[in-house]
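Student: Structure provided below as structure tokens; questions to follow.
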Amino acid sequence: MHTFVKVLEHNNVICTLVILVIISITSMVSLVRSIAADSCDGPLVSSLPQSSFRSSSQLSNSHGPGFAKVNRRDGAGGWAPVESNKYQWLEVDLGERTEITAVATQGRYGSSDWVSSFLLMFSDTGRNWKQYRQEDSIGAFTGNSNADSVVQFKLQQPVFARFLRLLPLDWNPNGRIGLRLEAYGCPYKSDVASFDGSGCLLYKFSPNPTPIRTAKDSISLKFKTLQNSGTLIHTEGLHDRSLTLELHKGTLLLHLRKGTVLITSHTVVSLGSLLDDLHWHHVAIERVSGHVNFTVDKSTQQIQVPAELSPFEINEISFGGVQCHGTQMVLSRRNFHGCLENLLWNEVNVNDLAKQRQKGNVTFTCAEPVSVPVTFAGTQSYLQLPGAALHLQFRTWNRAGLLLTFDLQQQVGSLWLYLSETRVRLQIHKVRSTVTSGFGLNDGQWHSVDLTARRGRLTITVDKEESSTAHASPSFPVVSGNNLFFGGCPDSKNNQECRNPFNVFQGCMRHIRVDNNAVDLIKVQQMLIGNYSDLQIDMCGIIDRCSPSHCEHRGRCTQSWSTFHCNCSNTGYSGATCHSSVYEQSCEVYKHKGNTTGLYYIDVDGSGLIKPQLIYCNMTDKTWMVIQHNNTELTKLKASSGINQHLAYFNYSADAEQLGAIITQAEHCEQEVFYHCRKSRLLNTPDGSPFTWWVGRTDEPQTYWGGAVPGSQQCGCGLQGNCIDSDHYCNCDADRKEWAADSGLLIHKENLPVRWVVVGDIQRPESEAAYRVSPLRCHGDKNFWNAAFFNKETSYLHFPTFHGELSADISFLFKTTASSGVFLENLGIKDFIRVELSSPMEVVFSFDVGNGPFEVRVETGGMALNDDRWHRVRAERNVKEASLCVDSFPGTTQKAPADGHIHLQLNSQLFVGGTASRMKGFLGCIRSLQLNGRTLDLEERAKITPGVSPGCPGHCSSYGHLCQNQARCVERYNGFSCDCGLSAYAGPFCQREVSAYFKPGTSVQYTFKEPYELTRNTSTQSQSSSIYSDLTLRGENVSFSFRTTQSPALLLYICSYYREYLAVLLNRNGKKQRDFKKKIQIKKYFLAFLNISMIRSSILLFCFQIDQQRREDFNLSSDTEFNAIKSVVLGKVQESGELDPEIARLNSLGFSGCLSVVQFNSITPLKAALLYPNTSPVIVTGPLAESTCGSSSPANTYPAETTHPLSGKRGGFKLSLAILVGVIAVVIFVILSALAVMVRFLYRRKVTFHSQEPKSIKPEADSPEYPFHSEPTSQNVLSENQKEYFI
């Protein structure tokens, strides 16, 4: 018994194992079948009979198309035509519509015959072929290089067709066309419905009182048609919501509506083009939550569904028209005429379900009309036919081209029917008249043209419309000769029958009728009738190059037969595809291009998707971007019955996406908030719930106020511990009857900007409050100064793969002392992209997108780029061209090959400063590296990379020229600044004029320190002079601008401690006096810039210039010096006791007008008085405030120089001899008088005067006013003898 049990248990184990094995085998078989079912790569051609093959011709029976099977040696080892030319073809009938995923070719066995490139065509009927294109632009496939190897191509998108046709383009030049073919794929099953324009199918959902809302719904189908308009789908839903898919002029329109008679909401989106080509097109409409994905073939567009159209529950769907619903739409539409395939609603095939509710004539097989188009693709294309009167249809993108020409009988001339400026024109040679009809005929749609001649009158009709009919009545009978020529003329010098003075036609024609008979173009193809050249018969090869459009950033796409053009007007972008922004990415960049404060368009992400925005740039020491909003004024609130809260929303001049990018890019952002209160609590500290809060871009309530930190529920005074009530963290939370305030800066970028504010404690009778939110301000640009220094040729930074398939732009700045090196490189399997410094004077941008290596070079014409200064590089590549720019050198642009590969496919890491291909790395600095508008963070990656250092100093060598008007460039880690201490100007680049408006009583006196020796011992002037003789001032430079209507006037007065002075006067009569006694008198100018230079030597040279007039130099005989300057006075001189009588008289009038940029040597008295009054030795009397009354400085201070004696007179007047003699006499008299006066005063005894030592103020060395020191170089000097100058 025990043994029996053991045997039974053993048998049970065996049975269990057997069952498991069987289950495993069954599972494996099911898995294999599943994999086989999912795969679609089985051979399709090898098992076909010879009758399934056709060709244009065959060299012999053994070279027939039936022998063209891969790896077969039957017959002559493959197909070979009689002649090897571009009109040959090999065709395969697969027996039924099949999904084709790959093709393979092979040369003819045992020969030197093979095809090196070819076109692949497909069709459902063996007529109306369509070319398969790779990447929508590449038509040609690369074939074989020998007769034995098999070259296979996996199609990027599968083809669903019954017929395949292969057209050889190139073949072995030492052999002939020879071919064996295979195709791979799997069977394709479908349900088809055919509509004749009057029928439709209706599918109704089961009634459900509580419809279930799904998160996702989808409708998909395929269609084909020859008609360019018709309704494919119409749905009806709850609450009068409807969806309509309509074909309109070859483009699909998706309508989303609410309402029937009164449409309250309507959204329409268009997609696709040239969809009336009688080929299958796939359409899918997918609703996911609040948006709809609309797909046509390979293009998808996402639509945000308006709130009033969502949710969308569908009750019924009709296919082919709208009449199935029994409701009359406001906008009536034509029904669909064509075939629909695989109608799916949420993956359920509704063909069978809808058959029971069909209306009109709907069949369930696809009846296709026969249409044979012909394509005129090249400049040598033409079609020659016999006949006379005609009808034809054409479609094209070109604005001009010859449609038809023929010679008239009796040699009376030629007739031309042609397109010009998108209109059809008829012209007869020797007749000076042209007949025009139609308009806008280059839209890619089919247009018909009828040309008839009856009773001596020619008539042309376009699109069978009476409004597009025109007539001509020549004086002779219009009878054609022997032949009609379509599209162009034969290229023959001896051809006298066809002349074409116009452009050739590029486009498609069909339905050609001659003498009221349809032309059989298949017979033309077989050379049975007519003649032709460079035509593609039985296909229309028109391509819509604007669908999808390669024009970016809302650029408008237009096209011709062979190319497209992007109109970038008013987009803010430029380039062949409107890819590159014409604006800078921040105020910081504008500043370092030399721009000043103002409004600028900012494109934060360059070539990215964010639109440019007009932003105010405040160019101070820090460059502020100021973003305004709609409520920057103080808003007052009082208690009001029934109102517990006040809500304020802030609408900024930039949208949320732009604001987020600006804040992220900036180094610092801030926004000041104010809250004024009386019995109105703010945050209800320390423990209560806040009465007021604000919301930023995170959409989360923030319960802290300006000056505090996030999450603290405090105001600035609470953080600093200085609130008016120490028990609260906000001043307003003390809840007092007196007015109080809480204000401060919000500086945490993650919460900015303030989008809305809620004020709560305003419901009590005594509550009053007021709030204000200032504009958002940000400064700094983290991207612009982001830099890395590469100190080894083997060092590099690596980043993720660069994705720039269709458009790629690269921009950066570099400086180096090396002669060459690779800036960046990214590789793919075959493709690559690289930018390098190939030599000190050349930058190279190279790439390969599948068409072979392509290089764009910029040479600097002898200017070295390895000068350790910053240089800017910008490279761009798109589907049309590639360009390279370096600094301001002439850029280089090269066109992309026509119909070439356009997708850049990279897969490796991006190398910066080095290379993966073992080329020489870069030594130096790279800064602000951006790829497609996105900045790479070089500094962060450099921190963890050996051989690379973050940052790169030394900016003054490149940007120092921006510091103007004698300013000094100061280096900073991130950039530079301009020190204006020795300049009369202010501003970030020392270019802002410091000006003030003076009234008659206004005076600005800049006082120098009195010499120590003068006050200690007044009797030892000779000794003191000798002691300081080596410090004697050798010259003065005075410059300023003025604007006034007053004359005469004292403009400037400089005096010394020895009663020496220099005065600048504005004379009444507008003439320069020649004695110039102790003063300078100038003509009356409304606006002038004055520059004076006095250089002391044995002969005094006085230089004088006003505005941009020529500089005048005057020679003065004097060995004197201007010593111990006491003060410089602008406006009225207050100490007038020792003034010259004439100067005293003018001084009593004061000065009314504007003075600007006043400078005396290194002293800027007006700037000191206006900007640094507390730390400068300046005494201001009367009203004085900074103004913008000053004029701009001339571009060139000394545009021309002229030296002439004081007696000379400027001008170019033509005088008579008598006048000239008189003038000379007057001049001689004036000179003699001046010499007499000079002799008298030259030996006049000088009296030294003494005065009290003026009080001086010496600023601290580290203060910003330190340049305005009180002791000018070598001016506190005593002179041996006080001198007086006769000028």
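In case you wondered, yes, glycine gets a Cβ from its N, Cα and C as well.
TrEMBL feature annotations, pasted as is:
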- 36-186: domain 'F5/8 type C' (DOMAIN)
- 192-366: domain 'Laminin G' (DOMAIN)
- CYS339-CYS366: disulfide bond (DISULFID)
- 363-540: domain 'Laminin G' (DOMAIN)
- 786-952: domain 'Laminin G' (DOMAIN)
- CYS925-CYS952: disulfide bond (DISULFID)
- 1015-1189: domain 'Laminin G' (DOMAIN)
- 1271-1280: compositional bias 'Polar residues' (COMPBIAS)
Student: Can you tell me how many other Cβ atoms are located within 10 Å of the Cβ belonging to CYS925 (disulfide bond)?
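Tutor: Looking across every protein chain shown, the total is 23.
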Student: Could you give the Cα-Cα distance between CYS339 (disulfide bond) and CYS952 (disulfide bond), in whole Å?
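Tutor: Distance (Cα to Cα, whole Å): 67 Å.
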Student: Including all protein chains displayed, how many Cβ atoms other than that of CYS366 (disulfide bond) lie within 10 Å of its Cβ?
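Tutor: Result for CYS366 (disulfide bond): 18 neighbouring Cβ atoms inside 10 Å.
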Student: Might you list, by sequence position, any residue in that chain lying six or more from CYS952 (disulfide bond) with a Cβ less than 8 Å away from its Cβ?
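Tutor: Listed in sequence order: ALA787, ALA788, PHE789, LYS815, CYS925, ARG927.
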Student: Mean pLDDT, the domain 'Laminin G' (192-366)?
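Tutor: Mean per-residue confidence for the domain 'Laminin G' (192-366): 81 out of 100.
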Student: Specify the count of other C-beta atoms within 10 Å of the C-beta of CYS339 (disulfide bond).
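Tutor: Its Cβ has 22 other Cβ atoms within 10 Å.
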